[in-house]
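As annotated by TrEMBL, transmembrane segment applies to 12-30, 42-61, 73-93, 99-123, 135-155, 167-186. Here TrEMBL flags 232-364 as domain 'GGDEF'.
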Amino acid sequence: MSLIFKEMLMSFVDSMALLMALIFAVSLLQRKGGDALHNTTFMGLLFSFALVMSMSDPIHLPNDAGIFDMRALLVGTATAILGPVVGAMTLVTGVTYRMYIGGAGVAPGILGMCAVFVSGWIWRRFVKDLDIAKIRKSIILGLLLSSQAAAFLLTPPAVTQVLFPSLFPYMLVSSLAGAVLIHSLLTGEFTYISEAQASLIHANTDHLTGLLNRRGLDLAYDQMTQREGRRAGQALLYFDVDRFKTTNDTYGHAVGDDLLKHIVSMISRNLRMDDIFVRLGGDEFVVILPDIDAPEAEKIAERCREVVSAANFDVAGHILPVSISVGAVWMRAPTEVDKMLDAADRALYQAKAKGRNAVVFLSGLRRVDLIHKAA
């Protein structure tokens, strides 16, 4: 058994190195961002690859009893920390590859992987969000992952008597060490990323309305223009609240703030999912309409004006008339947002000159026209 112990020790060291590389790869993926489905799929493939690597160089148990590797730790931690989808992908890979390897111990090996999948789900469901120290959560996870010993239920009694006394302590130690390593490092990384993302959102968001601010507009517009598959043009609606200063002076800033939130609520209900709604400051707002033709953009601009003027705004039992003036510009080709803002600002000035509560829509302008008029 001394040879087996040495193999176990070497396998443990190799597995810890593999886990460190895996944690590094997951961290890079999380920092890069991207949509949830893409990230989940990629992490499932990543854990599956690590599992195959581990199973490709297993410990061969004596008396042809089967093989042992770190597959259970990977299946369990994937399920517990990254979710059941990643865990299920890793489990299916493990089961498939174990059946491909064949030989003795196939059924016990599959049972052990299924046991840690369930244990990982139990930890995620009942332990993950407990208000206890991180190290205690890691230890509980490690103890649960030792459920891979369920494989001995399908092992012949004579083999179990020989292997269990030496193999189970290794299972327990490797599960505890691996769980502490993966859980501590990954949750620490996820916390850092979450805080960084929260800070970025805070910096790009208007605190009163929850809309993007001017900095957020620049970022969102850049992302929009780089998006593939855009067939039509884009429009920019620039509007402000008619006689807003009078409302503020008469009723106070608290009422003015409530009015702005009321208008934002009305307009948000009439925008599409991909539209970009921004508060520039004060009572000035911008809506970017991507992938849209000019007639549809004009309809949306007019609908925004109508819903605001048709909605009642109650101030201490007094119905306050509310309206907005909208300047809008539509362009077929992508154009710098500042140039579109300048054109929409001129259209807004014309809407004010028409008596307010109006929309002035400019379409068909060439990019060069915007540059010359802004000069």
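Cβ coordinates are placed from backbone N, Cα and C, and glycine is handled just like the others.
Mean pLDDT for the domain 'GGDEF' (232-364) in this predicted model: 91. Only residues 6 or more beyond the boundaries of the transmembrane segment (73-93), in the same chain, are considered here, and those with a CB under 8 A from a CB of the stretch are 15, 19, 26, 40-41, 43-45, 47-48, 50-52, 54, 113-114, 116-117, 119-121, 123-124, 128, 141, 144-145, 148, 174-175, 178-179, 182-183, 186-187. For the domain 'GGDEF' (232-364), DSSP puts the residue distribution at 58 helix, 43 strand, 32 coil. Same-chain residues lying 6 or more positions outside the transmembrane segment (167-186) and placing a CB less than 8 Å from one of its CB atoms are 8, 12, 15-16, 19-20, 22-23, 26-27, 61, 68, 70, 72-73, 76-77, 80-81, 134-135, 137-139, 141-143, 145-146, 148-149, 152. Long-range neighbours of the transmembrane segment (42-61) within the same chain, counting only residues 6 or more positions beyond its ends whose Cβ lies under 8 Å from a Cβ of the stretch, are 4, 7-8, 11, 14-15, 18-19, 21-22, 25-26, 29, 67-71, 74-75, 78, 82, 85-86, 88-90, 93-94, 97-98, 101, 105, 163, 167.
Same-chain residues lying 6 or more positions outside the transmembrane segment (99-123) and placing a CB less than 8 Å from one of its CB atoms are 55, 61, 64-67, 71-73, 75-80, 84, 87-88, 91, 137, 140-141, 144-145, 147-155. Listed as Cβ neighbours of the transmembrane segment (135-155) (distance under 8 Å, sequence separation of 6 or more from its ends, same chain) are residues 65-66, 72-73, 76-77, 80, 105, 107-109, 111-113, 115-116, 118-120, 122-123, 127-128, 163-164, 168, 171-172, 175-180, 183-184.
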